[in-house]
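Noted in TrEMBL for the protein shown:
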{"type": "DOMAIN", "residues": "42-291", "note": "domain 'G-protein coupled receptors family 1 profile'"}
{"type": "TRANSMEM", "residues": "27-51", "note": "transmembrane segment"}
{"type": "TRANSMEM", "residues": "63-83", "note": "transmembrane segment"}
{"type": "TRANSMEM", "residues": "103-124", "note": "transmembrane segment"}
{"type": "TRANSMEM", "residues": "145-165", "note": "transmembrane segment"}
{"type": "TRANSMEM", "residues": "198-227", "note": "transmembrane segment"}
{"type": "TRANSMEM", "residues": "239-262", "note": "transmembrane segment"}
{"type": "TRANSMEM", "residues": "274-293", "note": "transmembrane segment"}
Amino acid sequence: MAGGNWTKVEEFILISFSSLPTEIQSLLFLTFLIIYLATLMGNTLIILVTLADPMLHSPMYFFLRNLSFMEIGFNLVIVPKMLGTLLAWDRTISFLGCATQMYFSFFFGVDECFLLATMAYDRCVAICSPLHYPVIMNQRTRAKLAVASWFPGFPVATVQTTWLFSFPFCGTNKVNHFFCDSPPVLRLVCADTALFEIYAIVGTILVVMTPCLLILCSYTHIAAAILKIPSAKGKHKAFSTCSSHLLVVCLFYVSLSLTYFRPKSNNSPESKKLLSLSYTVVTPMLNPIIYSLRNNEVKNALGRTFRKKLILNNF
């Protein structure tokens with residue numbers, strides 16, 4: 001753009017769901033507010049219960065706490081601003097604010113992919129090598145795995161966000177989305193973005209597929225181990241220890257794949273927004289529900305925690 005005419009963009013306008021009638025937007029605001037509060041409360045409860053109850057100090061619940069931290073962070077980055085746009089308080093977001101929102105959405109999204117792979121490995125060790133599980137998944141190992149899960153988000157988010165926001169922006173500053181996601185912001189760039197788009201596609205495939213392959217590998221070993229168990233009761237018990245994680249993985253990867261890997265011909269801005277809601281708003285709310293309702297240890301721990309609370313209040 002050397003020598004060209006372009007105006008420096010200092011803020012963006014999030015289109016969000018402004019095309020919908022005001023009544024529908026108000027209904028969406030109420031719905032997403034309830035989901036947002038339920039997400040924060042559910043994930044916070046998971047963190048507190050797994051910390052407070054000694055029975056939940058195993059590696060599985062250590063990683064579950066990390067997942068809940070990620071879900072809370074992901075929601076705090078995206079949902080509050082989206083709620084503001086629905087009530088038309090202020091649809092503008094500063095240049096730095098947009099870059100920050102994009103950075104942390106990449107950061108938490110990438111890290112969740114790798115954490116889900118780590119959790120799959122944990123279940124694989126627990127089912128395939130139950131006698132060696134406490135030795136293999138000792139405190140030092142799980143700390144290293146947690147760090148390895150949190151780290152990939154830093155370079156991916158830094159490179160992609162810095163590169164994208166180094167481009168010149170001109171013309172319209174309206175982002176046709178409810179948050180600063182890469183594709184709608186990229187459409188506002190006034191420069192050749194071919195190299196960046198290649199990097200973004202390759203990077204997204206690697207970031208999504210690498211953990212996905214690790215998860216598939218872990219569950220292949222898990223399935224082989226379960227098939228070797230002679231009793232039906234033993235098979236059911238082994239499968240139940242990983243069913244919650246498997247359901248969470250399916251929800252996350254299906255919504256992510258439908259959002260970012262659909263053909264462009266089938267990827268209108270409105271459908272992209274609806275699909276983005278699934279992994280940014282709905283899935284973070286469902287995760288603590290899935291782990292609570294499908295896990296007897298968590299349900300029992302919740303019961304013990306509330307009973308202790310009632311006893312203390314009575315005294």
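Glycine too: its Cβ is placed from the backbone N, Cα and C atoms.
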Going through 27-51, 63-83, 198-227 one by one, which has the most CB pairs that fall under 8 Å from the transmembrane segment (239-262)? 198-227
Using a Cβ distance cut-off of under 8 Å, indicate which of 63-83, 103-124, 145-165, 198-227, 274-293 has the most pairs with the transmembrane segment (27-51). 63-83
Need one number: mean pLDDT over the domain 'G-protein coupled receptors family 1 profile' (42-291). 89
Quick one: do the transmembrane segment (63-83) and the transmembrane segment (198-227) reach 3+ CB pairs under 8 Å, ignoring pairs fewer than 6 apart in sequence? no
Please give the sequence-distant neighbours of the transmembrane segment (274-293): residues at least 6 beyond its ends with Cβ less than 8 Å from one of its Cβ atoms. 32, 35-36, 38-39, 42-43, 45-46, 64, 67-68, 71-72, 74-75, 78-79, 105, 109, 177-179, 181, 244, 247-248, 251-252, 255-256, 258-259, 262, 299, 302
